[in-house]
Amino acid sequence: MLTKAFLSPAEIEERIAQEAASDKDRKLTPEQIEAIYSNGTNILVSASAGSGKTFVMVERILDMIGRGVGIDQLFISTFTVKAAGELKERLEKRLTKHLGQAETDEERAFLSDQIAKIGTADIGTMDAFTQKLVNQYGYLLGVSPTFRIMTDLAEQTLMKNEVYADLFNDYMQGKDAQLFQKLVRNFTGHSKTSKAFRDLVYDIYSFSQATADPEKWLRQNLLKGQIEAKPEQAKNELLDSLKDGLLADFLAFLRDHLGIAQREFAKAKYLNNVSDAIILLEGSLINDQTDMEDLLKQLLTLSGGTGLTNMTRPKDEELKAYKEAYNKTKNEFVAQLREVDTQLTVLEVLAKHNDDILPMLELLQSFVLDFSDQYLQAKIQENTFEFSDIAHFAIRILEENPEVAVSYRDRYHEVMVDEYQDNSHTQERMLELLSNGHNRFMVGDIKQSIYRFRQADPQIFNDKFQLFLENPDAGKLILLKENFRSQSEVLDATNGVFSHLMDQEIGDILYDKTHMLVAGSQKQKEPHPENETEVLIYNSDESSTSEDEEGPDQAISSGEISLVIKEIIKLHEQGVRFEDITLLAPNRNTYLDLMVSFEEHGIPLVPDEYKSSYLESLEVMIMLDTLRAINNPLNDYALVALLRSPMFNFNEDDLTRIAVQADKGQFYDKLLAAHTKSGLHPEVVMQGLDAKLTLFTETLADWRDYSKCHSIYDLIWKIYNDRFYYDYVGGLPRAEQRQANLYALALRANAYEKTGFKGLSRFIGMIDKIIASGNDLEEVTDLVPKNAVSLMTIHKSKGLEFKYVFVLQMNRKFIGHSKDGLSGKYIINREKGLGIKYLADLKDQINTNLPKLNVVLETLTFQENRREERRASISEEMRLLYVAMTRAEKKLYLVGKGSKETLTQQYGTNVENNRLPVAIRDQIATYQDWIMALDTAFMRKDLKFTVRFVEAEELTPEAIGQVEVQAAVDADDLSNNRQTEDIKRALTVLESVEKLNQLYAPAIDLPSVRTPSQLKTLYEPIMDTEGVDIMDKKEGVQPLETASTFELPDFGQKTKVTGAAVGSATHELMQRLILSDKVTLQDLTQALSRVSADDQVKARVQLEKLLGFFDTELGKLILANRGKLRREAPFAMLAEDPASKEDFVVRGIIDGYLLLEDRIVLFDYKTDHFTHPSELKTRYQGQMSLYAKALSQAYQMEKVDKYLILLGGKDLEVVEV
């Protein structure tokens, strides 16, 4: 095994100095070098957006492997399965490259072993690791290794409901039945079901599962806030805070006003009350003459009605404005006083009921503990578990079995975790148990922590950050702030926004120079004024937006969509490709509206992992309504849908003329009356409509007759062919996807009937049941256009980068500010536990004849939890905006909607510590309001973005524009568009042209980059043919395949082993083979075992021939010069096309060559079948010449010996070319 010492701090500093002095275009930053080579302690890398954290992780892993640490000695936790796969792929590529450059047999053997172990190394998600651990050691807890993960939500819900129902009945009939009924009623109110209580139990259970020890949390933390709540103490603290806070400010305000008002409004009656209020406040605050509670009530009495309101009518505009400003501020003070008075009343009532609340919640605690235990027992009985169960089993195994924990700690040289800011407490506990206390490497960025809904806790990262910052002995803190992604315009705008918004109060981190993004290269710093960040706001009257449309799930407005489309079309006209543009949405609710609008304007749009509803796609809905109408023409909805469809094109006017044929009855009866001119108004049935009716009634009758004696599959294809509907959708945008949907409908109908169910009626019934249940048929794989605008959520975009980014719905309200946010009957907090709204009966405290007087009271814990949850929610929204803004490489657009008048006037210029005041940031409800508040408070030069309001008049169809798309085809014209005699004659003429196109393909269809194999294929016809007499030859012309094909899976068929697969396996074997003085069959077998191919393919690799190769002169030469051997070497060179004289790049991979002092020996393995070596020598002569030319130019060496190693014949042949 290799052993190489790790760098000391002095050696790391030396490495930093060497890097700074180098002439590299892109140098490693000092912080990157520290992150790669530091060792011997826990390390936290705070990596800002685009700072190359993945690069750092890969380089650190490679450095450790280079020093003799095996890949199986590292624990590497990634956030997603995809990230783990990408990391493994990167490591394998880099290790393979290092293998080719290895100088000793020991090094080659070690690296080869590491490559082989990557697949089984502990690189993956924490869920994957805990499953592996429980598989191996679950027996210690009595868990069978054959357990199954319960991923189906329906299965989980069914099992939970069964356990809950049994337990609920037990409690309803138990010794505490009366108290339990009160508990349930507290959350269900007058509802006839206990669903609200069940939801509470499930939410507490789910929350507990995200902790390291659910049972411990339920016992110690669930009721912690309620146990510690002291309403009387809270009341006294609130009264004490009034003296130096609200009341002192109110006194100062009234004093200032009185000084001016006695001069300007001397005779106003309200001034007496103002003077009395000042006397009261001075007596209490200065002389302690009045009890605070009494003072509050007296002030509210004085301010009642218009007591403190200036009712004068000054003519002077300045005085009028002053009066209005006074009244507005006074009203705000009075509202705060009333709020305090209400809080004091609530605290008094809570103090009286506090002894009633705790026993009720203790019963809830017992219920949840019993539910958790019984639910787990039910899962154990079925040997099926949730991911959280497996994680807790793993923690228990390590905590309760020290010998197991020690074996893991001894195994891992380092415990690494990516995206550390999104760790949960369960994951953190696992990492603590796997680490030896000083070998953790954590990479993340708290500014990008956006997964609280998955129980991630950014405070875990923040605690480590503060600890390492204040106490370097506890661990090393490394900050990566250089951004290698974005241009300076994007970086400046991001810094401008967050340096004035984000701090530890809101955002959980102080965004100062330590965290500001810095351009990592000179190219990023080059100014591009046209790419300055733009805030685009669709100017709309806010009064037109109802409360129902506001909230975190509000829909995007048509104005915003039009605004975005206009900008995209403008970019497109400037030469920007659609694929360089990305839309970031807060959620997927906007997807459908965006897709419809973009399609109307001819802009291709691809949503990321959008679960499009197959049964709700327009073409499928039309076909389903067609089948419904055939099955039952009296179905008015289906019939009208079919009439309006492109197959028959009835418009609103046509339908109206049909509808007036009878006062009542089914629409089909009215249609027949219109057709036979026997209705109430036959005179309105004009000739054109009559022709449509004739076509429709005859076609429908034909389809109905056909359906009686043919399969649904045949009926569907008859509909497609009779009305050319399949061809019609082929002329629409996203044509391939639409045709795939229609094709799949026919296949699914066929599959349905093969199950034994027959008949159109039953098929429609099955589809309708699926729709009614809210489910869908499996969607057809989207045929995604390559050059298309991408659409994804901000969460999905994390870790990605795009040239042009539009952040949508900047005006969306945050959850904490929305009508439904934090307004439920309970809020759960990790530290304080459960806070509830208590249903109190105040009958005994208020004189009333009512049997009960129930009032909902917010407990102290509920109020505290709401404050914390609201602040945490706003902080995460701020981090989400940071993630969105840092995705852009070139230009960033922030798009919203609102009233220009309101947005430009509602914020002041108050600033605290160069930031918006906390109170303002805390109250702001949208990203857009943050931006506009910044725009008002700070200079534009500090913010680096521009704000532009767009009027509706600027978004007319003419102003927006249109992207040219292929016009849709009229179904009625398709019958004349078939292959007529003229087309046949034209095709005959074109055949000769096609032959010339094939002959001179290199000159006609020349790309900028080619591989040697492609060049061989392209130039073979030219090499083999002289002149143009090929025009007279009929053979050899291959028709172009343009139609989409749909292949069904062939289950059970054996994989066909192709020659190409065997060839690839052979090449990989020779690449992986560790060479020594004497190659043996065992060496070849070992190398073959590491080849990534099917066993059937490996069986076809002829090891005896390969072994014989090393007995040839060339084989011996290679073994004698192993240190000068290069294998799988990439190359690139410039070449000229002989037909067009155009330059192009040739790129490829050379199987191997020896770099000797006097010459280069080039060789290439070929597994093609041959009867005589000269065949392959001629075939590959051009390719080998290209290889030789590339090597000769690269090494400035004229002599290149070229050999083909032929493995496809009866015997192995080595042929010099």
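Backbone N, Cα and C atoms are what each Cβ position is placed from, and that goes for glycine too.
Sequence annotations record features per position, and here Swiss-Prot assigns ATP binding site to A47, S48, A49, G50, S51, G52, K53, T54 based on sequence analysis. Residue environment of T54 (ATP binding site) contains 17 other Cβ atoms, counted within 10 Å of its Cβ in all protein chains. Secondary structure at T54 (ATP binding site), taken from DSSP and collapsed to helix, strand or coil, is helix.
Residues or ranges marked as domain 'UvrD-like helicase ATP-binding' in Swiss-Prot: 26-487.
Under the heading domain 'UvrD-like helicase C-terminal', Swiss-Prot lists 515-799.
On its own chain, A47 (ATP binding site) has K53, V56, V443, G444, D445, L480 as residues at least 6 apart in sequence with a Cβ closer than 8 Å to its own Cβ. Mapped onto three states, the DSSP output places S48 (ATP binding site) in coil. Summarising model confidence by region, the domain 'UvrD-like helicase C-terminal' (515-799) averages a pLDDT of 87. Counting every protein chain shown, the number of other Cβ atoms lying within 10 Å of the Cβ of S48 (ATP binding site) is 23. Applying an 8 A CB threshold to same-chain residues 6+ apart, the list for A49 (ATP binding site) reads D445, K447, Q448, N483, R485, L517, Y882, V883, T886. Taking Cβ-Cβ distances under 8 Å and a sequence separation of 6 or more, the neighbours of G50 (ATP binding site) in its chain are N483, F484, R485, S486, L517, G520, E801, T886.
In the structure shown, across all protein chains, S51 is the one of the binding-site residues S51, G52, K53 with the greatest number of other Cβ atoms within 10 Å.
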